Structures are given as C-alpha cells and as structure tokens.
Amino acid sequence: MTFRHCVAVDLGASSGRVMLARYDSKHRTLTLREIHRFVNCLQKTDGFDTWDIDSLEKDIRLGLKKVCNEGILIDSIGIDTWGVDYVLLDKQGQRVGLPVSYRDNRTTGIMPQALVQIGKSEIYRRSGIQFLPFNTIYQLRALTKQQPELTAQVAHALLMPDYFSYRLTGEMNWEYTNATTTQLVNINTDDWDDTLLAWTGAKKSWFGRPSHPGNVIGDWICPQGNRIPVVAVASHDTASAVIASPLANKHSAYLSSGTWSLMGFESKMPYTTDEALAANITNEGGAEGRYRVLKNIMGLWLLQRVLKERRITDLPALIAQTEALPACRFLINPNDDRFINPDDMRAEIQAACRETDQPVPVSDAELARCIFDSLALLYADILHELANLRGEKFTQLHIVGGGCQNSLLNQLCADACGIRVMAGPVEASTLGNIGIQLMTLDELNNVDDFRQVVSANYDLTTYIPNPDSEIARHVAQFQPKRQTKELCA
C-alpha cells in the first residue's frame, strides 16, 4: 500500500481539531488537512470550572464521520490532549460527574499540605515532576476530601485522551506520557507510585498500569462498518509536539508555544538532582523511553485572555502596533500564579506593574508588548537554567506549535536568548500524533526517522539574534540580577 490515511484528534484547552494526514510511503511525503474544528471552553457546573465533555465527544465523532463520508479508508486514529485532567467512571463505565478543569480553584492550599505531609524532596524523588498546584495528585486529594459522595461511586479514573479512546473503542488504557503529568507515576518503575497515590485518597484500582505510546487500544467502528484501530499515541499534546520537533542534535532545545509555553530538551535520563528540584524542572515521559526535561511557562494564555476580554479579532494588526512600541517598559513575571485564571487579565497585568512601580500598560498594544517582552525574558532565563543543569549550552532553539506564527515573539526570543531560533512546524502536536500512528503501522522506523519526514515536508523560518536590539541590551544589563520565579512552586 502506497498511501496511508491517519486521523489525529488534537484537543487543546481552547479548541479542538480533527485532522486527516495522507502519507505517501514511496516518496515520504506527508500532508495534513483540517476536517473539523470546534470550540473547547470552560463552563460552571455546581460551582466548579468543568469541561463540556459530551460536546467534545460529539465533535470528535462528527469529525471522524466527515472523513468516512468522503469515502476515505482510515488506517488509524490517535487522540492527544492537555495533561493532568481526568474523567471518573463507575463500575458500569458510565461517567461520574463532569471533569473539573485544572484552572478551577479547588486545589488552592492542597499542594502545601503534601509538601508538609510527604515532603517536597520525597515527592520529587519518586515522580521527578515539577510542582504545580493543579497536578492530578492535588486534584484527586481535593476530590476525595471535598466530594466524598462522588468518590464512593468511582471505579475508574481515565485521563482525558484515554477517556475519548475508551468512548470510541470500549477499551480502557492509561497512556504513559500523559500519566507522567499527574505527578503520580514513579520515575523508576513507570507505574503508579503507591505512596503518592495513597496520599490522594484515590484507590489504586481506579488505574491500570501505564502503557507506552504505540499500542493499539481497540477499534472504532465507522458508520460504514469498517473497524479502524485507535492507537495510543503520545497522548500528552506536548509529548506529541516534541516528537514532531525537528531537533538537529543534542545541542537543540525546544519551545512548544501555545496556551502554555514548554521549554526543554530531550534526554535519555531524567534529571532529579537537588539542583533540578530547586529549579522546579520536570521530567515528563516521551516516546521511545526519552524524557522531556522541561519547564512550564504560562505562555500565550495571558494574550488569549486579553484578546477575549478586549474583543480583539485582528491579531496581526495588534502585533504590528505592538512592534512599533519600545521594548521592556512594562515587565511582569508570566509565571506568577496570579495569572492562572484571574477574573480580569488586563487588570491583573496592570496591578502587577503598578505594584512594582513600573509604568502601567493601558492600550491593547501596550498590554501585548508587556506580555511578549516578559515571555521572551523568561524564555532567556529558563534556557540559561536548562543549559546550566545539563552542563552544556544550546546552539539552537526550535519553536513549534501555534505560537510559532508570532514573528515578533520569535524574534524577541532569539534576541533575548542570544540563540538562533527555528520556527515550525505549526501543527506540531497533530504531526507528532500522526508520527506514532505511522510507526505503529510500520511505515516509519522511529522518532528520528519521522523527524526527517517532518524536515523534508515542512518549511521552517529562521530568526537570527540581534545583539543590538533593545531586549538584548536589557538582558545584558539585567539578566545576572534576575531570578526566575517558579510557576506556583
């Protein structure tokens, strides 16, 4: 068979897509086509910020049916989503309540309890995962303490991509890359950690052993009656994005830029030293036994909220106005937990500037300038931190995901980091999803083989650092004095 058709379901925190990939194995060409796009947003349910999971499932099925109705024979399906959130099921496999979003405030004050009762170094020694107040470990603790009546009904807990795979196939699976984001997987055994899980109050029987990417979970029966394999891809969207990052060598770092920015490097070994703990470095699971050694950055969430609040629809025009403004007049720490989900992002940014005796951004362009400059400076700090951790400098940074379309931010990043930036591909999560499917179908050998396909089929844009730019001069003057505040650590 010369052609393969694979479908990637890629769910983000603000939107979802069903994408069709066509791979020509003879010429090693890979094309993507968007079949269906839909909105994903939070809703208030009984006082909690929850996901409209039934609407998401409806749109996933609609997208799959659209492909089938075109007469295309699908070879496989894969699903990737964000991490940490989960869906509860009873003994009959029916949903118990609605999944609560990681942005809900129910976990407030929970993480400090764990640090006292288990110990920060002990949690890190076991999991190797960064401390974020919304990690699944703290969500489950909040669930069992705050909603015992719900807990009593639970027989299974599935992470988001595993839930949708279950709904398509009837088979349960706990995919490894997403499971590691929970802070509940033991970094030495790749299985759930008994001590950490016991602290949450959740039962170990709710979970099956995590499985690495590349296994077939089960089949979805399409409207025409064909049985289509559903593959457990690297179901954490960042894990998929990293798979599609055309990293040239060990001196390349990556930045997955979207609602969240995740900056890191690939490693065959985890970094769980005291230095890594102090820097709140995470060691999330990747494909082929690789670790994604990285740090979370609040990312373009701040901009997305400002755009929504200000009802801005012309982003290119805003970026053009922003580019005309001087750099580094308004600076915030994007990783301050005050920006996780404020009632008014614009007001929160202004308050942060006011509290640090800076000018206050008023116009939309000034707010955007504040966000872009602040992100670029944080990128520079974290890249320096990662280089120190591994004892080697990076020579290149690959920016992938939707945020890599922002040419202003890309150049600011290159200037602040003092490093060459390669931007693209945009559809990194979708491509990485497809890559694992093609490996499972025996069309590709491994991740490195797939990256060669990505490099050959997708154009990258190069940004050369300008040492004379305003932000580069700012870094040269102030970076030795700057300290990176950890996101909610």
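For all residues, glycine too, the Cβ spot is worked out from N, Cα and C.
Annotation note: ASP237 (active site, proton acceptor) sits in a helical segment as assigned by DSSP. In the structure as shown, the Cβ atom of ASP237 (active site, proton acceptor) sits within 10 Å of 30 other Cβ atoms. Look at Swiss-Prot and you will find ASP237 tagged as active site, proton acceptor, backed by sequence analysis.
Marked as ATP binding site by Swiss-Prot on the basis of sequence analysis: ALA13, SER14, SER15, GLY16, ARG17, THR259, GLN304, GLY402. In the three-state DSSP scheme, ALA13 (ATP binding site) is classed as coil. Annotation for ALA13 (ATP binding site): spatial neighbours ASN40, TRP82, THR259, criterion Cβ-Cβ under 8 Å with sequence separation of six or more.
Cβ-based neighbour count (10 Å, all protein chains) for HIS236 (substrate binding site) stands at 31. If you look up Swiss-Prot, you'll see GLY83, HIS236, ASP237, THR238, ASN296 marked as substrate binding site, on the strength of sequence analysis.
Residues or ranges marked as disulfide bond in Swiss-Prot (evidence: sequence analysis): CYS68-CYS222 (among others). A helical conformation is recorded for CYS68 (disulfide bond) in the three-state DSSP classification. Long-range Cβ proximity for CYS68 (disulfide bond), meaning a same-chain Cβ under 8 A and a gap of 6 or more residues, is found for ILE74, CYS222, PRO223, GLN224, ASN226.
DSSP assigns CYS353 (disulfide bond) to a helical segment in the three-state reduction. In sequence order, PHE330, LEU331, ILE332, PRO359, VAL360, PRO361, CYS370 are the residues of the chain that are 6 or more apart from CYS353 (disulfide bond) and have a CB within less than 8 Å of its CB. Annotated disulfide bond per Swiss-Prot: CYS353-CYS370 (among others), in sequence order, evidence recorded as sequence analysis.
Secondary structure at CYS417 (disulfide bond), taken from DSSP and collapsed to helix, strand or coil, is helix. Annotation comment: Swiss-Prot describes CYS413-CYS417 (among others) as disulfide bond, evidence class sequence analysis.
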Next item on the list: Consider the binding-site residues SER14, ARG17, GLY83, THR238, ASN296 and say which one has the Cα lying nearest the Cα of CYS417 (disulfide bond).
Entry: ASN296
Checklist line | Nearest of the recorded positions (GLY83, HIS236, ASP237, ASN296, CYS413) to GLY402 (ATP binding site), judged by Cα-Cα distance | finding: ASP237
Next item on the list: Using all protein chains in view, find how many other C-beta atoms are within 10 Å of the C-beta of CYS413 (disulfide bond).
Entry: 32
Next item on the list: Based on Cβ atoms within 10 Å, give me the single least packed residue among the disulfide-bonded residues CYS222, CYS370.
Entry: CYS222
Next item on the list: Sorry to bug you, but what's the C-alpha spacing from THR238 (substrate binding site) to GLN304 (ATP binding site), rounded to the closest Å?
Entry: 19
Note to self: If I restrict to non-local contacts, at least six residues apart, and a C-beta distance under 8 angstroms, what lies near ARG17 (ATP binding site) in its own chain?
What the structure shows: ALA8, VAL9, ASP10, GLU34, ILE35, HIS36, ARG37, PHE38, GLY63, THR430
Check: Do you see any of the recorded positions SER14, SER15, GLY16, ASP237, CYS413 whose C-alpha is within 10 Å of GLY83 (substrate binding site), and which ones?
Finding: ASP237
